[in-house]
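Chemist: Quick one: the structure is below, questions incoming.
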Amino acid sequence: MSPQTMVSLKSDSSNNYNNNNINNNNNNNNNDISNHSVHSLNNSNEKNKINSNNNNNNGNSSSNDSRGSNEDNNSNDNNNNSNSNNNDNNNEEEDENDEENNNNNNNKIIRGYNDNNDINDIFSINFSSWSKSKDNLIENGVSIFEESGLNKELNLSKSSIFDFLSMVSSSYRNNPFHSFNHAIAVTQTIFLILLKTNLLNILSPIEKLSIIIASICHDLDHPALSNRFQINMKSSIAVLYNNKSVLENHHLSICLGILESKIGCELLSTLTAEEKEQFFRRVKILILATDMENHFNYKKQFDDIITNFDWNSFEHRDLLLIMFLKSADISNELRSFDISNKWANALMEEFFNQSDLEKLNNLPLTPFMEREKVVLHLTQVSFIEKFLLPSYQSLQNLLPSLEDFVHRIIENKEIWSNNGSSSSSTTSSSPN
């Protein structure tokens with residue numbers, strides 16, 4: 001579905017939640033939304049609009065995405081009314097606490113990206129889900145939910161998250177690449193992007209829940225055979241989905257089945273009907289957008305709005321989430337080279353298996369999957385230059401703190417270019 005055709009929900013809770021957080025974070029944070037020139041947020045007219053909306057929304061205690069924030073505001077009002085002489089002291093203490101909390105959060109992000117080589121740390125760019133057990137992956141997934149603030153913001157129970165992730169993990173096949181391990185790797189990348197850009201404090205809880213669920217579920221029941229193979233084989237799912245985004249529609253169907261099951265309903269039980277409508281809308285567009293066939297279309301749409309990005313536009317925010325997921329889905333080159341190399345070889349194993357089946361069934365051969373024609377390291381360099389690097393450069397244009405990610409990709413590209421012999425096998429292309 002093209003973002004231009006999306007119908008934004010009239011009462012989408014994104015605005016209600018982000019207005020308070022945008023204003024709170026503009027003063028103290030060192031990340032993109034506060035200190036960098038992220039276009040519309042630093043435009044005085046836009047700030048006035050946000051402040052105006054904030055004043056209008058403060059009285060709406062039933063606002064879906066302002067859970068918790070209204071209670072905090074009411075508590076502060078009561079304290080101020082009971083002792084007006086302490087207002088200045090209270091404000092100073094709150095400012096100091098906010099600054100301390102923001103500094104702690106920033107330190108965690110910086111430590112995770114620059115200094116921490118712990119592959120088990122979800123705050124680290126060098127996190128690796130490679131060869132982890134299902135139990136460890138589920139534990140990582142639960143931690144991502146918790147550290148994203150969703151437990152408190154949406155009152156999600158730890159047991160419901162665990163049960164959901166367990167069901168999701170059982171719906172992934174034991175493929176070399178398209179597995180639950182890959183799903184957690186993508187989800188952790190999303191988490192790191194939101195941390196790095198301070199968007200964990202800007203996005204609404206429903207937006208965060210949507211992209212985390214979509215990232216975990218985006219390859220459910222992947223058969224390790226591409227859309228092209230499904231279409232050429234006239235498989236049942238190709239026929240079912242009329243040869244359009246075949247695998248992505250299949251992943252979405254499995255995802256919706258899980259979310260509508262008893263376990264899924266328990267996970268979403270604290271959401272209102274309106275929140276559920278917003279959530280399902282986003283999950284659908286996010287998973288369907290992972291079809292690489294539409295990659296350049298989405299990127300062009302995103303590039304076209306960067307200069308005048310409107311943080312109060314549901315359409316713009318949806319497109320940003322789409323670019324996050326699409327970029328995270330192909331982000332193995334953000335990791336250390338030894339980790340990215342393992343993923344590249346795992347993907348190539350799937351490609352070679354597909355090529356063998358294509359030959360066996362007299363189907364057209366996919367060029368970048370043929371054992372005899374794939375060149376060591378060159379395919380990976382080509383993929384980075386054509387897909388991965390431009391995607392992150394576009395994101396960096398809006399969110400400057402992602403510059404470190406761009407540098408990491410360039411470093412790995414140089415390793416592939418100059419030291420391809422360090423790879424024990426061949427390199428990868430598009431994972432679809």
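Glycine is no exception: its Cβ is also placed from the backbone N, Cα and C atoms.
From TrEMBL, here are the annotated features:
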type     : residues                                                       : note
BINDING  : His178, Ser179, Phe180, Asn181, His182, Asp219, Asp329, Gln380 : AMP binding site
BINDING  : His182, His218, Asp219, Asp329                                 : Zn(2+) 1 binding site
BINDING  : Asp219                                                         : Zn(2+) 2 binding site
COMPBIAS : 11-89                                                          : compositional bias 'Low complexity'
COMPBIAS : 90-101                                                         : compositional bias 'Acidic residues'
DOMAIN   : 102-423                                                        : domain 'PDEase'
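Thinking about packing and proximity, how do these listed features fit into the structure?
Modeler: Of all Cβ atoms in the shown protein chains, 25 besides its own fall within 10 Å of the Cβ of Asp329 (AMP binding site).
Secondary structure at Asp219 (AMP binding site), as computed by DSSP, is coil.
For the domain 'PDEase' (102-423), the model's average pLDDT works out to 93.
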Chemist: Let's check the environment of Asn181 (AMP binding site): how many other CB atoms sit within 10 Å of its CB?
Modeler: 25
Chemist: How many whole Å apart are the CA atoms of Ser179 (AMP binding site) and His218 (Zn(2+) 1 binding site)?
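Modeler: That comes out at 10 Å between the alpha carbons.
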